[in-house]
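*Asks:* Structure incoming, see below.
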Amino acid sequence: MAHPSQLGFQDAASPVMEELLHFHDHALMIVFLISTLVLYIIVAMVSTKLTNKYILDSQEIEIVWTILPAVILILIALPSLRILYLMDEVNDPHLTIKAMGHQWYWSYEYTDYEDLGFDSYMIPTQDLSPGQFRLLEADHRMVVPVESPIRVLVSAEDVLHSWAVPSLGVKMDAVPGRLNQTAFITSRPGVFYGQCSEICGANHSFMPIVVEAVPLKHFENWSSLMLEDA
């Protein structure tokens, strides 16, 4: 999860998020190089009275500064498109979960099971246990098995919401009357926090998302207990 004064992204917990971090670093290096070059040119022009007629009027340099930006844009666009298609891939999911946004909580339905579903509300500050995070903890977590492709069907019952978990590289809008889908694979066990990322009303900031990734055996035990309670 995010920490106070943190400047970078959260630690990646899925292969897609790792790719996004690599692309971010790749694009940022290009931005740094361009900024440094432009800053050097500005300083050089301001601090010297010397001029060069071949720079002021040169067909060759105009060709270079036309082609070079095009090459740089291609170097940014190709990996960007690759990740865009990777994020849309839903290959043979092992588990499908339907996440419904409400004012203001989430409800989850495990569609591969007959009666496995629950509502997920934020735990009020006064009810938090030691070590729990304010405004981020939910009374029921979305439990998923580790290293398994998970498909999430996202929709809403009332207004626009957005189901987002930054460390998994997932953000999908929940639109009333529309069923969107996204997918992720958790690469390690852990608890991953997110929040509704759409301004959906007065309690917009009070509908957290908590995804708990556990080994497959533990997930089977959890699902059995949930079905027994139901």
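Glycine too: its Cβ is placed from the backbone N, Cα and C atoms.
Pulled the feature table from TrEMBL, pasting it below:
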type	residues	note
DOMAIN	1-91	domain 'Cytochrome oxidase subunit II transmembrane region profile'
TRANSMEM	27-51	transmembrane segment
TRANSMEM	63-85	transmembrane segment
DOMAIN	92-225	domain 'Cytochrome oxidase subunit II copper A binding'
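Surface or core, plus neighbours and distances: that's what I need for these features.
*Replies:* Within the same chain, residues 16, 19-20, 23, 26-27, 30, 34 sit at least 6 positions outside the transmembrane segment (63-85) and bring their C-beta atoms closer than 8 Å to a C-beta of that stretch.
Note on the domain 'Cytochrome oxidase subunit II copper A binding' (92-225): its mean pLDDT in the predicted model is 93.
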*Asks:* Just give the helix, strand and coil counts over the domain 'Cytochrome oxidase subunit II copper A binding' (92-225), going by DSSP.
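*Replies:* Split by secondary structure, the domain 'Cytochrome oxidase subunit II copper A binding' (92-225) comes out as 19 helix, 60 strand, 55 coil.
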